[in-house]
Amino acid sequence: MSYALLRPFLFNLDPEHAHELTLQLLEKAHKARALGFIYSQQSLPTECMGLQFSNPVGLAAGLDKNGQYIDALAELGFGFIEVGTVTPRPQQGNEKPRLFRIKEADAIINRMGFNNLGVDRLIQNVQRAKYKGNIGINIGKNAVTPVENAADDYIYCLDRVYPHASYITVNISSPNTKNLRDLQSGEALTELLDSIKNRHSQLATEYGFYVPMVLKVAPDLTPEQVDYIANQLIEFDIDGLIATNTTLSRTGVEDLPFGDEAGGLSGRPVGHLSTQIIEQFYERLEGKVPIIGVGGIDSGDKAVRKLNAGATMIQLYSGMIYQGPKLVQQCVEAITSHRDAMML
């Protein structure tokens, strides 16, 4: 069954229930070996952070928080999969309802709150996966951990995921964990990166191999914050930047049903804001740190815009909820055409 036929049924369900049902259906299709007949693997070799990717279109964190559906999702044609956000201990997240569709704007508001089964369960799932491509693991802090002790949670997760990840994302930009975004600014960011990077370097020595570490930031940054973060990325030799997470802005949805719900806004309305932040970071980083662009990508053209803004690769999430899995192929094809045109 095509996603276009399935979508009206799913959109009549509670969003969180629809999310779980979709993943379960995808898993069943994978086990029945049906996905390979529907979706083709897209090849557009890309190098980023010293890693080789089959194509530059990845799955953003949040869709598969516990790494339960890696093999099924990989069959949709992604060049890489990012799982999480995962925390040291399991947590239920915020109270329901906590996920809202804004259909008129192809947008989503969520206040999930890092609901997950804990880092140890995620590692078990990653180990079981047969997928041979790159798997990023997105790590965060538990809600009960004071923000001044956040480094302890990140290091706890870092220690456990290091030998199992292709790259590790330090998520300090979710708006749904109290005070988490404070870690994006000033001394708090410097101290956090200093602690995490020291442990990261120790792990590289202990294991004898290097796993890239990236930082995921919000779109709601001032130019001064962008400058500071860019300097810190270079100072601490961070391997990549994911820009961006969801926004607290309600521009474009303020008068729509559910537009006033608390949480982070994703989907089409965040696209321009995300692209602006990518442009600002690209200018300040001067090519020293690669950028993975995410936010508001719902077409091949939008994917190319992220690359034109300075991104090396992109990630999808909300756009795929509205457009379906074919969006992966559309983005790879658009980027391929863009690259070919650049070489003429």
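Placement of Cβ uses the backbone N, Cα and C atoms for every residue, glycine included.
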Co-listed FMN-binding residue [Swiss-Prot; alongside Ala61, Gly62, Leu63, Asp64, Lys65, Thr85, Asn138, Asn171, Lys216, Thr244, Gly267, Tyr317, Ser318] among Gly113, Gly296: Gly296
Distance in Å spanning the most remote Cα pair of Lys65, Asn110, Arg111, Met112, Gly113, Phe114, Asn171, Asn176, Asn245, Thr246, given for substrate: 16
Listed in sequence order, residues with CB under 8 A of Asn171 (substrate binding site) and six or more positions away: Ala61, Gly84, Thr85, Asn138, Ile139, Gly140, Lys216, Asn245
Spatial separation of Tyr317 (FMN binding site) from Gly113 (substrate binding site) - C-alpha basis, Å: 17
Listed binding-site residues (Ala61, Leu63), ranked by Cβ neighbours within 10 Å, top entry: Ala61
Nonlocal residues around Ser174 (active site, nucleophile), in sequence order (Cβ under 8 Å, 6 or more apart): Thr85, Phe114, Gly140, Leu180, Arg181, Asn245, Thr246, Gly264
